[in-house]
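Everything on this sheet refers to the single structure shown next.
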Amino acid sequence: MAIERTLSIIKPDATRRNLTGKINAKFEDAGLRIVAQKRIHLSLAQAQKFYGVHKDRPFFGELTEFMASEPVVVQVLEGEGAIAKNREVMGATNPANADEGTIRKEFALSVGENSVHGSDAPETAAEEIAFFFSGLELVG
């Protein structure tokens with residue numbers, strides 16, 4: 001399996017509860033390396049641009065307002081099959097359907113406040129990483 005990079009966002013519900021360290025421990029325990037990380041507070045316009053692919057979905061307004069409500073931690077994870085591994089560690093979008101031991105099962109408050117975001121494909125990962133990080137910020 002190839003070494004990949006993927007974007008991870010620790011969402012406001014998790015940063016508000018100081019869960020960044022616990023969430024990152026789960027990524028690292030799964031063999032993923034954090035090669036870039038920063039804590040930021042998205043503006044509503046930035047959240048709308050980042051989630052623009054969902055602009056016609058009924059949850060778009062609620063999602064973007066939530067993502068701009070408080071700070072988030074954006075980071076790049078690297079490892080073998082990082083995209084799939086990250087999604088496995090995160091668990092199902094709905095925490096009620098997430099497997100035991102996953103981030104969402106353990107920390108999510110609801111489908112909307114589900115603690116983490118992760119890229120779903122190599123193309124998406126590249127776009128999402130470039131949205132938040134320059135090449136100089138990626139330290140492998």
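Here the Cβ of each residue, glycine as well, is placed from N, Cα and C on the backbone.
Look at Swiss-Prot and you will find Lys11, Phe59, Arg87, Thr93, Arg104, Asn114 tagged as ATP binding site. Annotation for Asn114 (ATP binding site): spatial neighbours Lys11, Asp13, Thr93, Asn94, Pro95, Arg104, Ala108, criterion Cβ-Cβ under 8 Å with sequence separation of six or more. In the three-state DSSP scheme, Asn114 (ATP binding site) is classed as coil.
If you look up Swiss-Prot, you'll see His117 marked as active site, pros-phosphohistidine intermediate. Every protein chain shown contributes to the tally, and the Cβ of His117 (active site, pros-phosphohistidine intermediate) ends up with 21 other Cβ atoms within 10 Å.
Neighbour counts of Cβ atoms within 10 Å were compared across the binding-site residues Lys11, Arg87, Arg104; the minimum falls on Arg87. Around Phe59 (ATP binding site), a 10 Å sphere centred on its CB holds 12 further CB atoms from the protein chains shown.
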